[in-house]
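Below: one structure, written as structure tokens.
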Amino acid sequence: RTWLEMGSKGTFALVLLGALMAYYVYLPLPEDIEQRWKLMLTDCAFRSLSHLADICESLGLKDYMGVMMLVTFAERVVPQSDERVRVEDERFDGVEVVVYQPRRDVCAGERRRAVIYLHGGGWCLGSTRMGPYDSLAREMVTELNAVVVSVEYRLAPAHRFPVPFEDAYRAAKHFLSADVLGSYDVDPERVAVSGDSAGGNLAAVVVQQLQLDVEQRIKPKAQALIYPVLQALDLNTPSYRQNRHMPILPRTLMVRFWSEYLSSDKSVLLSMLANAHNGPDSAPFLRFANWSVFLHESHRRTYDYAAPPVNEGELPGALARSVTDPRASPLLVPDAALRPLPKAYVLTCEYDVLRDDGMMYVERLRLAGVHVTHQHYPAGFHGTLMFTVWPTDFRIARQMVNDYLLWLKQNL
């Protein structure tokens with residue numbers, strides 16, 4: 001009887017543990033998302049690390065982003081040359097870059113395309129030396145016969161705004177000189193700047209600032225922005241509300257990235273979570289992030305527009321300046337700064353807090369006369385492009401990479 005009781009208790013404990021694990025792993029997801037259980041398991045790993053980071057920070061053991069960097073370390077590789085691609089670590093104006101080049105010789109009179117690529121990670125995480133970015137760079141080299149410059153910009157919170165932008169800009173300017181392009185057999189008329197998520201933010205800003213630089217003779221001919229983050233004024237757009245609990249980027253994490261990027265003041269996170277971080281200086285810029293104007297009605301849904309409140313109280317000085325700085329929020333530039341921009345590819349995902357940032361930028365670019373290709377994935381989620389490597393390989397990720405490469409091939 002004792003053994004039976006012990007067995008019953010053990011079985012009950014196992015069932016209970018299994019139920020608790022299933023409850024923790026399970027996340028209600030829209031029906032149109034493919035491979036839903038794989039996404040749940042992938043997100044479970046991210047959530048677990050986030051919970052660990054919260055605990056470590058609350059106990060004073062390590063800061064939140066320091067723990068979250070485990071994601072970067074887990075995916076880290078050492079990019080190596082192979083039979084098709086030559087890989088070299090370089091410094092462009094003091095900035096670390098990894099340069100990928102085709103092995104095959106350039107034919108007489110032929111010059112190559114080039115892509116300056118900026119990785120994602122909320123300005124706080126990520127690296128060019130992660131497996132998915134290394135794989136993407138190699139595909140660009142082989143599919144496009146392109147030189148790829150993958151920029152290893154410094155990260156927040158150790159290097160807050162504007163340091164990541166300044167690194168990206170310096171590396172891009174260095175590469176976009178006639179001598180350097182010539183040394184890589186690159187056609188000055190076939191250079192694009194691209195990036196995903198926070199890297200999409202940096203790519204958009206770099207392109208804008210290069211256009212404004214009167215001393216910069218060679219300009220990018222295309223920009224490709226993959227689910228970019230483009231503004232910090234309104235963190236309560238319809239997509240932020242709709243997808244606040246979606247993997248891989250819930251609203252709380254995106255807001256945390258913004259707060260870590262822009263300020264060392266810990267109270268900023270609470271203000272941004274409440275969408276109450278705008279001061280009087282923000283008021284003139286709110287019209288550029290007005291989603292009731294720049295979003296199609298189908299994406300406004302039933303949400304009522306209310307401009308973010310303007311806080312008349314005391315805000316950290318650095319935050320008040322940086323939230324409206326176009327080098328942080330490229331959506332906020334005036335129309336005149338958009339008109340000379342090169343053609344653009346903007347990728348957005350339905351189940352992404354950043355969806356509306358990208359859609360508003362698409363509309364503003366089109367209104368300014370810029371040729372834009374908008375690729376929207378109704379079943380897409382943030383970070384998809386990173387999930388091309390087993391075991392977190394998703395069919396939609398493969399489709400995104402193929403569509404992205406096709407656009408570059410046809411437009412660069």
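Just so it is clear, glycine is given a Cβ too, placed from its N, Cα and C backbone atoms.
As written in TrEMBL, here are the features:
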- SER197: active site (ACT_SITE)
- ASP352: active site (ACT_SITE)
- HIS382: active site (ACT_SITE)
- 115-275: domain 'Alpha/beta hydrolase fold-3' (DOMAIN)
- 321-385: domain 'Alpha/beta hydrolase fold-3' (DOMAIN)
- 12-29: transmembrane segment (TRANSMEM)
How many whole Å apart are the CA atoms of HIS382 (active site) and ASP352 (active site)?
5
Test of understanding: give the count of other CB atoms lying within 10 angstroms of the CB of HIS382 (active site).
27
Within the domain 'Alpha/beta hydrolase fold-3' (321-385) only, compute the mean pLDDT.
97
What are the DSSP helix/strand/coil residue counts across the domain 'Alpha/beta hydrolase fold-3' (321-385)?
24 helix, 19 strand, 22 coil
Rounded to the nearest Å - Cα separation of ASP352 (active site) and SER197 (active site):
11
For SER197 (active site), nearby residues of its own chain (Cβ under 8 Å, 6 or more apart in sequence):
GLY120, GLY121, GLY122, ILE226, TYR227, PRO228, VAL229, LEU249, LEU354, HIS382, GLY383
